[in-house]
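J.: Just dropping this structure here.
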């Protein structure tokens, strides 16, 4: 019980972000090729050594390293990095100074490497790719590659990103998650169906175990296939899931699936399908391995849509990793977790299975709260920050109410439930009060009442016109020049941490928007990897976002006043004043 409520608490606190840490203006950053100098060498042992020389003040993300073209069993083991905390992307593992990776001698052919790095001063370079020949030939071509991240609605919900070195922990987490899903309303009807096919047929214990294993393995293999597909889709799946209508649809689905957890209605497998499966199980005397396997595969396909919400969380996380091997193993582990109670049922009988009771209602409540939290989390990119914080406050009050109501079954944990209820009630109340005052900081909800301007990132977002192609940019520049208007070009990407920080700390400040009221604000979105995005970057030789360029009324850039990297509101306003006076 203690762990369950600790999990709920962590669900909220992982969304909180730290205070701002603005940097001085640093107009000159190294080109990406000098910040991260890559070399490859064929060793006498037959291995291929890959090395990145990383300049001081720069770092590479571990999770952005890709080795496309290397067989799953030959993927390299990445060395331990150092922890790095991003305000929006959470805890990350990064490499500084240098990174050495060795590909085994058995690897052959051309490999497409991918990586992404940033500067401590705030600049985030676009994702890079490089093709190398494992025979030792030099790298031949480099280009940007599409990579999107947690920010979006992202949609990662199961846990903090698990690094490559923590596969064991990740697989264990998916197995445990599957064990919980085994007692979801959609899964429970499969218990008597399989029992009727195995136990009711009079099969021996050994035969019953074989039949049940066939059922569970085939079910897990179907889930594994889902995981592999999600990993192969990778960034394409994430990019598709960033669309507002998709985020809204999934959020609505999570809310809908939370309602039966609180007893509003009952969600279960359609009676027609359940009856047909039961009939098929009765017709098979003694059962067969193939029959049980087919039944297991069908159950995964039939029950899967009924469990769309939790499955979506797992699939989204797997899509982030982009690793098909891990995706398949993770969903296979989840399927085994779902099937474990079935194996216990047919081998040990129902004596060792959990008995229905108040704990089931508690488990359903936990699922309901997690589903609601998932819905709120997914809507982050499309909601007013104040409204988003208010929704978290309302959910915290729901948690407090549920914890207070469950004190009757808490037993010796009565005081823990009571303290947890009071804690969530206090936090939820502060979130609502802060949201009502225009605040948007989950970690410090009442700071809005301390005085000083309050960021309004929605107003900032509305003030910008999003540009995604060179044609759109040229049209906007021509229009501004015809009107004798200044233009601010803001290079932005969803995977850019500093962009999201500046959205709030710079462009969300009233004094900044007031100073820019006569300036045409263009946001150049270079999130995706396509020809348009690369041309937008190359037109002004921009290394990556965040970068801000001033275009004068004559249509030419004020190059000496360019801002590259993260700055605070005061530094930004000072640069704008200098630009305006220097014309």
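For all residues, glycine too, the Cβ spot is worked out from N, Cα and C.
Among the features that Swiss-Prot reports, disulfide bond is placed at 118-124, 186-306, 496-499. The domain 'Thioredoxin' annotation in Swiss-Prot covers 458-581. If you look up Swiss-Prot, you'll see 1-18 marked as signal peptide. Feature annotation from Swiss-Prot assigns transmembrane segment to 168-188, 214-234, 245-265, 289-309, 326-346, 359-379, 382-402, 413-433.
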J.: Which residues, sitting 6 or more apart from residue 499 (disulfide bond) on the same chain, put a CB under 8 Å from its CB?
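T.: 124, 492, 493, 545, 546 - these are the non-local Cβ neighbours of residue 499 (disulfide bond), listed in sequence order.
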J.: If you count the C-beta atoms lying within 10 Å of each candidate's C-beta, which of the disulfide-bonded residues 118, 124, 496 ends up with the smallest number?
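T.: Across 118, 124, 496, these disulfide-bonded residues, the one with fewest Cβ atoms within 10 Å is 124.
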J.: What mean pLDDT does the predicted model reach across the domain 'Thioredoxin' (458-581)?
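T.: Average per-residue pLDDT within the domain 'Thioredoxin' (458-581): 86.
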J.: Going by DSSP, is residue 496 (disulfide bond) sitting in a helix, a strand, or coil?
T.: coil
J.: Quick one: DSSP breakdown of the domain 'Thioredoxin' (458-581) into helix, strand and coil?
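T.: Across the domain 'Thioredoxin' (458-581), the residues distribute as 59 helix, 23 strand, 42 coil.
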J.: For the C-alpha pair, I'd like the distance in angstrom between residue 118 (disulfide bond) and residue 496 (disulfide bond), rounded off.
T.: 9
